[in-house]
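**Student:** What Swiss-Prot records for this protein is below:
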- 10, 11, 12, 13, 14, 15, 16, 17, 18, 38, 119: ATP binding site (BINDING)
- 89, 125, 129, 177, 186, 262, 274: L-citrulline binding site (BINDING)
- 121, 125, 126: L-aspartate binding site (BINDING)
């Protein structure tokens, strides 16, 4: 097997990726480890993380600002797709992985690296997402996965890193595994591994508890153009600004917490806690606007597409041909999704209280009203019902005779 000399490592500054640096050098004989730190709006001191990579033995550490790309190319398409895995999880973490993988491959090309590496364990979903994306974009590149191969527990990984002078970012008494980006936070491990234990309040950072959220409700209007959110409360905003503002508005009122049992790609069930206030709010508003601007059969079929889209992204097939085809269908439905949705935020709830589309609404008050302005032709109903139920009536008559 050809000796790997230069590796690009996806680096977060956490236990697993920090330990990967000396491990790659010692166990694989790698001479150069170049780390890539993705800025996804997580709010961390990325320069400090970059320096930690260098102190841990990296020959070079690159920080990439991916925030705009993350929102425009990944989060916004997910909003158009009303993406909710298992009808709950808006893929806040899953959406980030193909973007990071794309940049790993690009950097590997630029610096003529032999391989790319990541610190995902063998039990999680992210290993699948990284590997599938890297194989799709750089099928010639070798993928090295130290954390999947060394089979160390978190405690053992911390001890291994300490031998090489690598400080652990979490103590052995604080076992939570937390992933953060602009779209939200995911929390797992520790006490959360017991599905009957309530998630402690101190694990949440983006959302208020019901007790601490405002007693007075707040109404917000979200504006859409071609299925993309473009403003909040009559204020035009950039995509990143929209996510940030939606996070603050929804999070303040305690909306956006998810506590679920999740079906992982590797075949096990896991208990996951998510905070995704802004993304959930925007998806809820978008779905509501579609109800007034899309035909019933389009809404119905798009629901099937949305479920499959969410599954594909969750399972790591962002760069797959089926996902591309579903993107084309979803995009074709969104030219009519223009308008605004009014939502009341209060004590963990986001309640739709209004929706309108000036030029694309399929709702006609003169047809729906029961007042004297009603223009619906009631006399046509009897014939319609007769034809609509014809097959069922014939079936009933036949089966009635059979029983006799």
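Placed from the backbone N, Cα and C atoms, the Cβ positions cover glycine too.
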**Student:** Quick one: pull the CA-CA distance for residue 121 (L-aspartate binding site) versus residue 177 (L-citrulline binding site), whole Å only.
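**Tutor:** Distance (Cα to Cα, whole Å): 12 Å.
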**Student:** How many whole Å apart are the CA atoms of residue 186 (L-citrulline binding site) and residue 119 (ATP binding site)?
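**Tutor:** Given the Cα positions, residue 186 (L-citrulline binding site) is 17 Å from residue 119 (ATP binding site).
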**Student:** Could you measure between residue 16 (ATP binding site) and residue 125 (L-citrulline binding site) for me? Cα positions, answer in whole angstrom.
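**Tutor:** Computed Cα spacing between residue 16 (ATP binding site) and residue 125 (L-citrulline binding site) is 15 Å.
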**Student:** Measuring Cα to Cα, how far is residue 177 (L-citrulline binding site) from residue 119 (ATP binding site) in Å?
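**Tutor:** If we compare the Cα positions of residue 177 (L-citrulline binding site) and residue 119 (ATP binding site), the gap is 13 Å.
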**Student:** What whole-number value in Å do you get for the largest C-alpha pair distance within 89, 125, 129, 177, 186, 262, 274, the residues recorded as binding L-citrulline?
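**Tutor:** Across 89, 125, 129, 177, 186, 262, 274, the two farthest Cα atoms sit 19 Å apart.
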**Student:** To the nearest Å, how far is the Cα of residue 10 (ATP binding site) from the Cα of residue 89 (L-citrulline binding site)?
**Tutor:** 24
**Student:** When the Cα of residue 12 (ATP binding site) is compared with the Cα of each of the binding-site residues 89, 125, 126, 274, which one is closest?
**Tutor:** 126
**Student:** Select the closest residue to residue 262 (L-citrulline binding site) from the following binding-site residues, measuring between CA atoms: 14, 18, 119, 126.
**Tutor:** 126
**Student:** Count, for each of the binding-site residues 12, 18, 121, 125, the other C-beta atoms lying within 10 angstroms of its own C-beta, and report the residue with the smallest count.
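**Tutor:** Each of the binding-site residues 12, 18, 121, 125 was scored by Cβ atoms within 10 Å; lowest is 121.
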**Student:** Just give me the nearest neighbour of residue 119 (ATP binding site) among the binding-site residues 89, 125, 126, 129, Cα to Cα.
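**Tutor:** Answer for the nearest of the binding-site residues: 126.
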**Student:** Using a 10 Å cut-off on Cβ-Cβ distances across all protein chains shown, tell me which of the binding-site residues (177, 186) has the largest neighbour count.
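**Tutor:** When each Cβ's neighbours within 10 Å are tallied, 186 tops the list.
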